[in-house]
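A.B. asks: Have a look at the structure that comes next, please.
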Amino acid sequence: MQQVPYGSVDRDKPLIRLPFTRLAVITVCLPLLGLIACVVLALLYHYNDATYTHCQVPNYLPSISAAISLTPERYIWRFSIGLHSAPRFLVAAAYLSFYRGRFSKRLMEQLLSGLTFLLALSENIGLLLLTYVSSNETYSVHKSGFILFIGSSLVHMLCTCKLWSLIAKYSLSAEEMMSYRQKFRLFLFNGFFCLLAAYFYKRHNTYCEAGSECNVFAVLCHSPHPCSTQHVFHTWFNVNSQILTNNN
């Protein structure tokens, strides 16, 4: 085996190069593909268990929590989120570095960027918590993880939109303007459907009406589900990764 002198140029070369855009797309696709696989398997092989409700009324679609709490669905979901979560921590750090560079002489924006970073961390921790503690194992912990994820996600989106509104205000870049507009639309979209899902969930638990409310809740969970829309929210910055690399 050939010995490489310490401090040589070859020793310092990176072993793997992965474009930031490709990393962002892979990161976004993992939970979406995992969720689809879990729902399909739950409907095909565990329909009765996945659609069971505490008040035993007819239901036709599983909620996310039900779909990811069965076997082998839970392992597929945990594998997807395990691979997905590590790059999200890196992206949160990249955002913080980007904001600090943009707002290096503005204290309030620096504080807001720090808060946004902490919200990104708590959001990711909440996602890991609700993923690795299923609803049929320890429901209270799973519920707390879900609330932490949704709450942190919405406030994080709001803070990010505020920061990007300031960037877009003083920017002539078409990419940055587009990123801000799409982020704001996705924030409104995600917030609206989260409120609808919360309403139907509360209504179902209160009145136990047959099928309709729980099924609407399940549809609201799966179609614009917080994981997928929240991940797409981040890609409007990530896919334009030249913005990030040019400012660091």
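Each Cβ is built from the backbone N, Cα and C atoms, and glycine gets one as well.
If you look up TrEMBL, you'll see 20-44, 75-99, 111-133, 145-164, 184-201 marked as transmembrane segment. TrEMBL lists 20-212 with the feature domain 'CWH43-like N-terminal'.
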A.B. asks: Mean pLDDT over the domain 'CWH43-like N-terminal' (20-212): what is the value?
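C.D. replies: It averages 83.
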A.B. asks: Hey, which bits of the same chain come close to the transmembrane segment (75-99), Cβ under 8 Å, at least six residues off its ends?
C.D. replies: 23-24, 26-27, 30-31, 33-35, 37-38, 41, 68, 109-110, 113-114, 116-117, 120-121, 124, 127-128, 131-132, 160, 163, 234, 237-238, 243-244, 247-248
A.B. asks: What residues elsewhere in the chain lie close to the transmembrane segment (145-164), defined as a C-beta under 8 angstroms and at least 6 residues from its ends?
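C.D. replies: Those are 65, 95, 99, 103, 109, 112-113, 115-116, 119-120, 122-123, 125-131, 133, 176, 179-180, 183-184, 186-187, 190-191, 194, 226, 230, 233, in sequence order.
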